[in-house]
Amino acid sequence: MTVQPDPALRAKELRELIDQHNYSYYVLDEPTVPDAEYDRLFNELRALEETNPDIVTPDSPTQRVGGMASSAFAPVRHDVPMLSLGNAFADDDMRDFDRRIRRALDLPEGNLLGEGSNVAYCCEPKLDGLAISLLYENGVLTRGATRGDGTTGEDITANVRTVRNIPLKLRGNDWPAVLEVRGEVYMTKAGFERLNESARETGGKTFANPRNAAAGSLRQLDASITAQRPLEFCCYGIGRFEGELPDNQVGILHRLRGWGLLISRELQLVEGIDACLDYYRDIGERRASLPYEIDGVVFKVNDLGWQRELGFRAREPRWAIAHKFPASEEMTELLDVEFQVGRTGAVTPVARLKPVQVAGVTVSNATLHNMDEVQRLGLMIGDTVIIRRAGDVIPQVMQVITDMRPADARPIQVPEQCPVCGSAVERTQLIKRGRGRQTVAEGAVYRCVGRLACKAQLKQAIIHFVSRRALDIDGLGDKIVEQLIEREMIASPADLYALTYEQVITLEGFAEVSTNNLLLAIQQSKQVSLARFIYALGIPDVGEETAKLLARALGSLERISQARAEVLQFLPDIGAEAAHEITAFFEDEHNQTVIRQLLERGVQLQEEGALAPEFAASVSLGSFIARLEIPSVANTSAQRLADRFGSLTAIIEADWLDLKQVERLNERAISSLRDYFADEQQRQRVLDIEQQLRDFGMHWESPRASSSELPLSGQTWVLTGTLEAFSRDVAKEHLEGLGAKVAGSVSAKTHCVVAGPGAGSKLARAEQLGVTVMDEAGLLALLAEHGIRP
Ligand code: IVH
């Protein structure tokens, strides 16, 4: 018999390891283990905590993905006000700042040799995000707050807990008993681009710049949304504290770093104003290549005694200043608009601009996204425009200055033929269902219909297929892909797996070793997870997240490729458009051939498995009937029908008398329903959907007909207080799925009350009535017993 280690001890060990790796990764920027190993530790801890809910600690790294903020954000008073900074733009403003300080401190002026008493300044970039305050009590994060007006901010504890590099617990043990840390929450340029990219893919809201994206992400009432956003935190100071700290700015920052908080990698201590100006210029030159947006640099007198002596003027400290960079917006002329063909055939307008310097970089192209954007801007060729380097990556046209439009300005027209392959360019259509009918609207995107026969699309499709997050074939750069296509060695992703040594060695720059390496990398890519494979296919509207969702929920390529659009729409986050794209992709014969060839040539999908249990039982018959939009049968009637009959077949087979039995279903609705299903095609479509659900192993959630067999049938439950692992709504759904009724108030008939932190009168009443009370861990354990994991 093997000795099982004590789960609590192992969990503690895992938490320490994970915290250590987090620190190395986020603060030291020196990852100590590969991602896979980190994931393994994390998963082990999560599994351990799931089976032993009583060992979960609030500061466990698994406890980040929070639920709802308790209400709208509660106000938080800042005992030490959160100040703003004075600005300087010119070097002379900076010299004035330094002079004021030395005068106030009574330090001698420097002589011509620059000798004198130099003030030591702490220098950091001015991050373009949002200021927040983090309160650590006995080393544990107890509160996060926005700056607000500097005196009163908002409580965003649930949200800040989801930011990966904010420690929930400080490292070491020499921290002050109370420590308020201040710093900036921001989004990296790459994170921002990714977020906007996926928002564009799914038709979601895009953000104008990383700052807005960070602000919008942090102030989410549902912290699980914040958790999905690529936010980071960097600290630059402290507020209230009770305990010992060094008496200088840089010293404090180094202590914070030791306790696990990220401080700026660009932090420097310099002496004198000239060194400050050098620092400003150095950062300015590197601004574009920094991974985050900054709008200047901040200088602070390093000595805390001097800071106290200098004090404040209005709401600005006399001991600190922001030296700002010139704006990242400029004006220029739109010379022409060219059309580029992307991976999915989208023909996208690209602005050719008269070259202009924006924040230190020459800009001559800007993206215009799509024709709707061109229309929204009211753009014409020849216009003077304002461009902005949003995220400092891809410049964007922000605005047209119509007053400056020349007489010979020309409208922008989409070419009728693909500029690369000459195939027709068609406007995409948006399919909308409404009132039981299908309507077609014009989409914003134009597409070349040539697909893989179009070399532009083929090239992008291959580049995407081999990219790091897809099949991850090392050494297949853009230039090589181009050559392979030009020499007609490949005409689809499947052809990569038929490349021979004799072919590859003829490519430019290839010799024996490089040829073998590339062929090996191609071989190694054959073992691929289902999610990566789906992502690699490059289905329009299917980004990495959607691919993961499809893989996790449906579990097999077979099911994903067979799924009807209506069934796909049962998945969270898959709308009508994406569902249509996915089915259209798999219905396409050419795509079927490529997929078949990929599998025949040895690509093996890993992690294929069963349908996710939570998905199997998550499809609601009521909402499905409502979605059919049968006249006179709206949400409530649909729900009643679902409750009464439990299956579509039963509803279709129901006669007039059966339907009469449904509570408050009027005659109009009944005849409308019967008319709807009298249509043979309609009936068949609906039955096919139900059949597919059954084939997939799915069932309509908790039909009333059989609810008496469910484990919590006949029980009434009440949820109160805050839950950490999921929102109350989700907890309610799970309980209802097990047959319980979830009520809003406690009575003697209540079977059980689940009380999270902050529970008030309901908990008191439960205790008064002697009703069973359980905490969230208890609920998790109960759900886990029935195979439900939040
Ligand atoms: S110090 C009294 N340091 O700039 C000190 N602020 O205009 C006040 N900011 O609200 C802040 N990077 O959001 C400081 N390294 C840095 C900063 C920084 C960005 C922001 C912060 C603050 C605003 C002041």
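The backbone N, Cα and C atoms fix where each Cβ goes, and this holds for glycine too.
For reference, TrEMBL has these:
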BINDING   Asp35, Ala36, Glu37, Tyr38, Asp39, Ser84, Leu85, Glu124, Arg147, Glu184, Lys300, Lys324  NAD(+) binding site
ACT_SITE  Lys126  active site, N6-AMP-lysine intermediate
BINDING   Cys418, Cys421, Cys448, Cys454  Zn(2+) binding site
DOMAIN    707-790  domain 'BRCT'
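All chains included, 23 other C-beta atoms sit within 10 angstroms of the C-beta of Cys418 (Zn(2+) binding site).
Between the alpha carbons (Cα) of Glu37 (NAD(+) binding site) and Cys418 (Zn(2+) binding site) lies a span of roughly 46 Å.
Not a single one of the recorded positions Lys126, Cys418, Cys421 has a C-alpha within 10 angstroms of the C-alpha of Asp39 (NAD(+) binding site).
Residues belonging to the domain 'BRCT' (707-790) score a mean pLDDT of 79 in the model. Lys126 are the recorded positions among Asp39, Lys126, Cys448 whose C-beta comes within less than 6 Å of an atom of ligand 1, given in sequence order.
Excluding Cys418, Cys421, Cys448, Cys454, which define the Zn(2+) site, the same chain contributes Val341, Gly345, Gln417, Pro419, Val420, Gly422, Ser423, Val425, Val449, Gly450, Arg451, Ala453, Lys455, Ala456, Gln457 within 8 Å (Cβ to the Cβ centroid), listed in sequence order. Less than 8 angstroms from the CB of Arg147 (NAD(+) binding site) sit His78, Met82, Leu130, Ala131, Ile132, Ser133, Gly153, each of them six or more residues away in the same chain. Look at the domain 'BRCT' (707-790): DSSP puts its residues at 32 helix, 15 strand, 37 coil. When the binding-site residues Cys421, Cys454 are scored by other C-beta atoms within 10 Å, Cys454 scores highest.
Each of the binding-site residues Leu85, Cys448 was ranked by the number of other C-beta atoms within 10 Å, and first place falls to Cys448. Here Cys418 (Zn(2+) binding site) is compared against the recorded positions Leu85, Lys126, Lys300, and the shortest C-alpha distance is to Lys126. Restricting the binding-site residues Cys421, Cys448, Cys454 to those with a CA within 10 Å of the CA of Leu85 (NAD(+) binding site) leaves an empty set.
Its own atom aside, the Cβ of the residue listed as 'active site, N6-AMP-lysine intermediate' has 22 Cβ atoms within 10 angstroms in the protein chains shown. If you take the C-beta of Lys300 (NAD(+) binding site) and look for same-chain residues 6 or more apart in sequence within under 8 angstroms, you find Tyr121, Cys122, Gln249, Gln307, Pro317, Trp319, Ala320. A distance of 47 Å separates the Cα atom of Cys421 (Zn(2+) binding site) from that of Lys126 (active site, N6-AMP-lysine intermediate).
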